[in-house]
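**Student:** TrEMBL lists these features:
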{"type": "TRANSMEM", "residues": "12-32", "note": "transmembrane segment"}
{"type": "TRANSMEM", "residues": "44-63", "note": "transmembrane segment"}
{"type": "TRANSMEM", "residues": "75-100", "note": "transmembrane segment"}
{"type": "DOMAIN", "residues": "79-214", "note": "domain 'Phosphatidic acid phosphatase type 2/haloperoxidase'"}
{"type": "TRANSMEM", "residues": "173-191", "note": "transmembrane segment"}
{"type": "TRANSMEM", "residues": "197-217", "note": "transmembrane segment"}
Amino acid sequence: PSFEFRLKSLTAVMSPSTVAIFVGPILTVDAAVSRAIHTAAKPFLPPFLLLLLEISADFRFSFPVSLSLLLSPPLRAFLVPFLLGLLFDLIFVGIVKLIFRRARPAYNHPSMSAAVPADHYSFPSGHASRVFFVAASVHFFSAVVEAPMVSPSYTFLDGWVRDHNDGDVKGEVVVAVWIWATLTAISRILLGRHYVLDVAAGACLGILEALFALRFLRFDEKIFGR
């Protein structure tokens, strides 16, 4: 069943005013705004740049890259909850997509390759949830690191992400990850992969997942081996 069909099903069990008055107009405006943004930006943005951002956030790429944390012993405490969070995001977003089954925009760039059936649906954006999960995780992770690092555990990977003096995650790294996440999320609209509402929902979901990981996967203990 399509997203519209499920919307009609909800109307049958809920107050008609709840769905017809609020949800319908929101989806209409969402589609119109998304198409306007896509159309306005299309002449100015080379597709290959947007596709590079897409690939950088693809689970088939980001998950193996995350394993690079194994190269830094102090970062390994972050690895397990981080990877579990990525897996949770993949599964949860897939379930939500299959529940709502909102079709992707008709003007979606033809280069898209669906890895699983759920990828054919639009709401919420899995790329947006994933990149904001990563950005929020790095942000929260850096916020709870306070003790000085142990120098023997310092590796070349640490040199890229950690301050040489106190061992904290560099502020520039946190900012760079947030910028990457934001640009990647926006690129989903510019490529025609998603509507604005899909991306906004995905971004909020990713941040909530990072908070969940921080609270229940114990990001705040044994970080950096301290």
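Using the three backbone atoms N, Cα and C, a Cβ is placed for every residue, glycine included.
Just so you know, TrEMBL annotations are computer predictions that nobody has curated.
Any idea what these are sitting next to in the structure?
**Tutor:** Residues 34, 37-38, 41-42, 45, 47, 50-51, 53-54, 56-57, 108-109, 125, 127-128, 131-132, 134-135, 138-139, 142, 160-161, 198-199, 202-203 of the same chain lie 6 or more positions beyond the ends of the transmembrane segment (173-191) yet place their CB under 8 Å from a CB of it.
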**Student:** Could you tell me the mean pLDDT the prediction assigns to the domain 'Phosphatidic acid phosphatase type 2/haloperoxidase' (79-214)?
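**Tutor:** Within the domain 'Phosphatidic acid phosphatase type 2/haloperoxidase' (79-214), the model's average pLDDT equals 80.
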